[in-house]
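The ATP binding site annotation in TrEMBL covers GLY37, GLY38, ASP39, GLY40, ALA41, GLY42, LYS43, THR44. Sequence annotations record features per position, and here TrEMBL assigns compositional bias 'Basic and acidic residues' to 263-352, 359-373. Summarising the annotation, TrEMBL assigns compositional bias 'Low complexity' to 403-415. Among the features that TrEMBL reports, compositional bias 'Acidic residues' is placed at 447-456. The feature compositional bias 'Basic residues' is assigned by TrEMBL to 460-471. Sequence annotations record features per position, and here TrEMBL assigns domain 'Thymidylate kinase-like' to 35-219. The region 'Disordered' annotation in TrEMBL covers 263-471.
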Amino acid sequence: MRARLSRITAAATGGWRPSAARPSAHALPGWFIAVEGGDGAGKTTQIDALARWLRKRGFDVVTTREPGATVLGAKLREILLHTKDREPVGARAEALLFAADRADHVEKVVRPALERGAIVLTDRHVDSSIAYQSGGRGLPVDQIAALSEFATEGLRPDLVVLLDVDPQVAWERAQTRGGEPDRLEAEPEQFHGRVREAFRSRAAADPDRYLVVDAAEPPGVIIAIVQDRLEELLPLSSQEQAEARAREKALREAEKAELREREARLAAERAEAERAEQRRRAEQEAARQEEERRREQARQEQARRAAEERARYERQKEEERRRADEERREEQLREAGRREQAETDAEHRRQIELAVRQIEARAKGAARERAARELPPGATAAAATAARRSVDQPGSEPDEAGSDVAQSDASASAGIDQTAVLPVDLEPTQALSALPDGLSADRGGVDVDDDDDDDDAPRSRWHLSLGKRKL
């Protein structure tokens, strides 16, 4: 915006030109535009459109032509172009007549308009003389250029718009337009071809001062191309300068208003940014505190779980120790019970064995006594001895058994309440009732087997077996 404002400000003072513009080709304040091209290129149409556009912008515009723009020029035009019934004009005379018309034209029309600052649009100028008289007629180009320089006093157009047209297209347009062709239009196609090449050669030699446009394009396209070039070349008109000053003022006011609005907007944005920053910081602080609270809660929860886990572990270990102690105590009790039971069983077996030996000893003694009583009176001492031997044969010696029984009576009576000293003549069945608990008369106890058929053995034989008590 500032760049545009600077450009408009400079334009309002008359000091602005676009960057592509170049200084005027002359020292006069106006602008000189020549429109060139072959016959039928559409020069008149473009000049009229340009004049309307420039006048609308506020420029002072003068449209003119060569030849025929002055009174003298009109007469020379009649001679040069309409001599069908007159004597033909030679090439050099033709060149001089065109130069005379140009001199009168520049002096009376072009220069005065340029001096007052107008824009002059001319239909043909020096380039037409060089193209027709040099290119078409074959005269030396330097002579035609020098003659034109003399006629114009060195005045050159600021811009030459060359409407390039094919001679065949130009001839077809002339036929469409109708009317009688002038002397130059009636020249053959080869003549117009040389004229076209001369125009194009001039434009190629000075591209900054020439604008070549294809005349076959629609008129609207051509005028737009020329307008773009003139936008670069021409300054602002007085009207445009006034409009520029008005726009400058409006732009300045708009800029001030925009500046105020921007400052207010920036202030509001800064305030909003500060509020947003405060909200952001508050949210961050709240988030930080919340995060800290969650972390502390997590730490407490973790500590609680760890404490519970430790307590559970301690309880488990304590329970395991208690169970181990109980199992150990139970095992000790079982072991003590087993030892006590083993000692009880051993003592019980010992008592049984002692009782059995006592029973056997007493049974043997009783058997000897019965045997002695059963001997007939008067039997010999030898028979009594044999009888005693038959009784003592299965076990130990009676005397020894009797002594053993006598010796163990005292100790056995202390350990076994059920055992009593049996009488000598005690029957076996009577002796069984005195056995300790755990003995019986059949399996696991004391068995008595009476065998009447064995004459050599005592009347009764005792078979004892030891039983095991269950724990």
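Cβ atoms are placed via backbone N, Cα and C, with glycine included.
Bear in mind that TrEMBL entries carry predicted annotations, made automatically and left uncurated.
Since this is a predicted model, take the numbers as computed values, not measurements.
Structural mapping of features recorded in TrEMBL.
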| residue | record | Cβ neighbours (10 Å) |
| --- | --- | --- |
| GLY37 | ATP binding site | 26 |
| GLY38 | ATP binding site | 27 |
| ASP39 | ATP binding site | 20 |
| GLY40 | ATP binding site | 24 |
| ALA41 | ATP binding site | 25 |
| GLY42 | ATP binding site | 20 |
| LYS43 | ATP binding site | 25 |
| THR44 | ATP binding site | 12 |
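DSSP assigns GLY37 (ATP binding site) to a strand in the three-state reduction. Per-residue pLDDT, averaged over the domain 'Thymidylate kinase-like' (35-219), rounds to 90. Each residue in LEU163, VAL165, ALA170, ALA215 lies on the same chain as GLY37, GLY38, ASP39, GLY40, ALA41, GLY42, LYS43, THR44 and has a C-beta within 8 Å of the C-beta centroid of that ATP site, without being one of the site residues.
Sorting each residue of the compositional bias 'Basic and acidic residues' (263-352) by its DSSP state yields 90 helix, 0 strand, 0 coil.
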